[in-house]
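Just below is one structure, and these are the notes that go with it.
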Ligand SMILES: *Cc1c(COP(=O)(O)O)cnc(C)c1O
């Protein structure tokens, strides 16, 4: 009897009861817009920002409509505009080059290493081409942030961190999103907190924070924020900063606040699952696991491993065999972009020179989500199935 996994890789946990109750309160009073508050009422959105600033240790936080919006807002706040070059990862997801293209700028891609992080040597060679790096901690893998920041600081390149997969993670004790000048997070359903759509942005820089607040569409109501700079900071900026509406609403914030309180426990649960898969796949012939550096505190909400230098038909055979046993793998080597998986050479609006070393890694990445609806037994079963199928296909040569 070959076992078959029957869980769903896209099924997240329900919204916690406390979030449902808070959402019903908002629905019943009807004041969903963040600046629509009763006398003496503090908006859920403002409270979420205050709590998220405390969670990350940032001076300022802003809640917005999506993670992609947060990235675009960060670029605009830094004054990135038409024709500017922005360094970014070749291994990332579509909202990252999309945010760059949306302000009329042009991504300059930096390669990926076998550890699935940005190639710092490639970055060093390209630092003179741009004044901003949009660094994507893709799938939660964090590069040597000390070295990256030293390189960027020396070159005068400012760093925006895309923490869509690292909310709650850290490097050398500093929260992800707090190394660069701005940190951006997503609260879309597949990330570490779920409000359907949503995003957060943090910074210690008062002027950038004020610009971001104005950009998000605060009209002149910035004094209703609890995690924004004081009104003086807005004195000039309010006349100079366009409104590019992208606010978060009180309904989403109400859903998110209890999730933020529970995030440390959720991270521990994700990492329990990650470790079961990792252990189950140790020493699988043909498979290269990703060693996590000691300085990195990660959130194991997804799992990646490499089948290095396997020819494409062999990987395709593996994917088909795993799928037949209920294990859904994503692959970054397919010729055509599929679902959430696309590649730098699929983004034809932002053409790139060929990157053979990066292509070799992308063609080897096996990727799967580990939603918290999976039990530890589920994770052990997934690892058994993967191990069996990878070994079988590997042996076929
Ligand atoms: C999800 C995601 C984002 C932001 O996406 P939204 O769907 O706009 O919230 C940004 N970068 C990466 C790598 C992502 O996975």
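Glycine too: its Cβ is placed from the backbone N, Cα and C atoms.
Automated prediction, rather than curation, is the source of TrEMBL annotations.
Predicted, not measured: the structure shown is a model, and the values here were computed from it.
Residues or ranges marked as N6-(pyridoxal phosphate)lysine by TrEMBL: 191. Residues or ranges marked as active site, proton acceptor by TrEMBL: 191.
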Enter the number of other CB atoms within 10 angstroms of the CB of residue 191 (N6-(pyridoxal phosphate)lysine).
21
Check the DSSP secondary structure of the residue listed as 'N6-(pyridoxal phosphate)lysine', expressed as helix, strand or coil.
coil
